[in-house]
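Some features that Swiss-Prot has for this protein:
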- 1-141: domain 'Globin' (DOMAIN)
- SER3: phosphoserine (MOD_RES)
- LYS11: N6-succinyllysine (MOD_RES)
- LYS16: N6-succinyllysine (MOD_RES)
- LYS16: N6-acetyllysine (MOD_RES)
- TYR24: phosphotyrosine (MOD_RES)
- LYS40: N6-succinyllysine (MOD_RES)
- SER49: phosphoserine (MOD_RES)
- HIS58: O2 binding site (BINDING)
- HIS87: heme b binding site (BINDING)
- SER102: phosphoserine (MOD_RES)
- THR108: phosphothreonine (MOD_RES)
- SER124: phosphoserine (MOD_RES)
- THR134: phosphothreonine (MOD_RES)
- THR137: phosphothreonine (MOD_RES)
Amino acid sequence: VLSSKDKANVKTAFGKIGGHAADYGAEALERMFLGFPTTKTYFPHFDLSHGSAQVKAHGKKVGDALTKAADHLDDLPSALSALSDLHAHKLRVDPVNFKLLSHCLLVTVAAHHPGDFTPAVHASLDKFLTNVSTVLTSKYR
């Protein structure tokens, strides 16, 4: 559960991420594909090379979804319901991959905002991404 301080940290972080969410999403995907090559199996039709238009487009989807989630911290299940259905029923993504992408997102945000990525912000963003992952995998059962 996100505390009021966690929510404030997430809102502040996404305020700084601002218009870079799509770029950070793409960068995090690239990090994930390089660091965890088995994740590439979900994207056999993608050009996974650095800077690929397909990775950038999917990074935008990731960034947009996280921005929407950050705007709806008190009702993540409703905000992410369609995305949860998609990942559970159509794409059938292994839930462990959300944890891997979350890690890569944290690394990406830390790399771009080292002065703002305090231990408290790190913990709050980690909790937020864990909550998002939990919602996205909630319909697998």
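All positions are counted from 1 along the displayed chain.
Glycine too: its Cβ is placed from the backbone N, Cα and C atoms.
Closest by Cα distance to SER3 (phosphoserine), from the modified residues THR108, THR134, THR137, is THR134. Taking Cα separation as the measure, THR134 (phosphothreonine) is nearest to SER102 of the recorded positions HIS58, SER102, THR108. The two recorded residues LYS16 (N6-succinyllysine) and TYR24 (phosphotyrosine) have their Cα atoms spaced 12 Å from each other.
Counting every protein chain shown, the Cβ of SER49 (phosphoserine) has 10 other Cβ atoms within 10 Å. Residue counts for the domain 'Globin' (1-141) under DSSP, helix first, then strand, then coil, are 111 helix, 0 strand, 30 coil.
The recorded positions recorded for this entry are LYS11, SER49, HIS87, SER102, THR108, and the Cα of HIS87 lies nearest to that of THR137 (phosphothreonine). If you draw a 10 Å sphere around the CB of LYS16 (N6-succinyllysine), it holds 13 other CB atoms from the protein chains shown. Taking Cα separation as the measure, LYS11 (N6-succinyllysine) is nearest to THR108 of the recorded positions LYS40, HIS58, THR108.
Sequence-distant contacts (6 or more apart, same chain, Cβ under 8 Å) of HIS58 (O2 binding site) comprise GLY25, ALA26, LEU29, PHE43, PHE46. A Cα-Cα distance of 21 Å separates TYR24 (phosphotyrosine) from HIS87 (heme b binding site).
Comparing the modified residues SER3, SER102, THR108, SER124, THR134 on other C-beta atoms within 10 angstroms of each C-beta gives the minimum for SER3. The two recorded residues HIS87 (heme b binding site) and SER124 (phosphoserine) have their Cα atoms spaced 24 Å from each other.
Set side by side, the recorded positions LYS11, LYS40, HIS87 differ in how many other CB atoms lie within 10 angstroms of their CB, and the most is found at HIS87.
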